[in-house]
Amino acid sequence: MNPYALSMIVSSLALGTILTLSSYHWILAWIGLEINTLAIIPLMTKTPHPRAIEAATKYFLTQAAASALILFSSILNAFTMGEWAINVPSHPIPATLLSIALAMKLGVAPFHFWLPEVLQGSTLQTGFILSTWQKLAPMALLIQLSQSVNLTLMLTLGLLSTIVGGWGGINQTQIRKVLAFSSVAHLGWMVAILKISPSLTLLNFFLYILMTSTLFLTFISLNTKNMYELSTTWSKTPTLAALSMLSLLSLSGLPPLTGFLPKWLIAQEMIKQNMIAFALMILLSTLLSLFFYLRLTYSMSLTLAPNLSSSSLLWFNPSKNILASPMILSLLLLPLTPTIMVII
């Protein structure tokens with residue numbers, strides 16, 4: 001891609017997100033979301049493959065429908081309440097419509113059907129942007145809307161997302177589809193606790209972005225697209241394979257890794273709110289996700305390819321230095337829980 005065009009696209013992505021994050025008016029936030037959507041499409045279609053074009057079309061139609069619903073519900077809210085500001089209490093009906101539209105933008109079940117297909121049709125680099133940067137703006141709006149949303153709707157969407165995210169990823173062999181279903185399951189946790197504790201949603205979101213970024217950067221550096229290609233990883237980069245195995249287990253939420261922290265705090269908060277049955281169900285649904293993370297772990301670290309790679313071991317490859325900081329943070333943040341609790 002032309003470097004001038006690429007710099008313009010990246011600038012537009014940054015502009016759209018920053019505009020939405022810093023806006024207090026629904027129309028301004030909507031404009032930021034639109035800029036974001038339009039900026040990512042050239043990145044998705046830069047490889048002129050039918051699957052990439054299909055993915056870009058699906059993404060555009062879904063995001064356009066969600067944007068239209070955001071515009072309609074914000075106008076309805078302004079009509080009923082006489083207020084365009086985002087951070088003031090909204091009327092229950094527009095608030096429900098807005099939360100559904102933002103769930104659609106994020107890929108929360110049952111509005112998740114576009115996400116695995118779009119990620120599968122994109123490159124790993126574009127998938128990385130879609131799974132992390134593109135979720136910042138809608139999530140920021142959802143957190144600002146947290147006091148107006150319907151608790152029953154949020155709990156239903158949250159539980160459904162964790163079940164669908166776990167169930168959908170079990171039979172997948174493509175890395176991008178597995179990460180898409182993993183995204184759906186994590187969003188379920190964030191949405192479930194949104195009304196009760198928005199600060200925990202924010203913490204979970206930041207840790208999700210950190211752990212997902214680590215895995216995407218790992219798979220980009222290994223140039224791995226499916227589970228079968230993972231079996232050659234150990235023979236080529238043993239250190240990276242071992243650390244990536246721990247990153248996958250962290251994303252699944254196993255102690256004593258970073259991923260256990262948000263699940264522990266969310267379950268604890270739900271039990272405090274006397275939602276013991278719901279906490280039990282959402283924790284049991286996490287076992288579904290754990291199964292496919294363990295499959296990835298097994299393929300990556302516990303199997304060797306029949307024909308071992310004849311290349312020399314890449315123990316100290318300078319191109320993988322970028323992974324050092326996110327990898328450490330993805331694994332070792334759990335002991336800092338008391339400090340994080342004071343901050344939030």
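Here the Cβ of each residue, glycine as well, is placed from N, Cα and C on the backbone.
If you look up TrEMBL, you'll see 23-288 marked as domain 'NADH:quinone oxidoreductase/Mrp antiporter transmembrane'. Among the features that TrEMBL reports, transmembrane segment is placed at 56-76, 96-115, 136-163, 201-220, 240-262, 274-294, 322-343. What TrEMBL lists as domain 'NADH dehydrogenase subunit 2 C-terminal' is 290-341.
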>> Before we move on, state whether the transmembrane segment (322-343) and the transmembrane segment (240-262) share at least 3 Cβ pairs under 8 Å, counting only pairs 6 or more apart in sequence.
In response: yes
> So what's the mean pLDDT when you look at the domain 'NADH dehydrogenase subunit 2 C-terminal' (290-341)?
Replying inline: 76
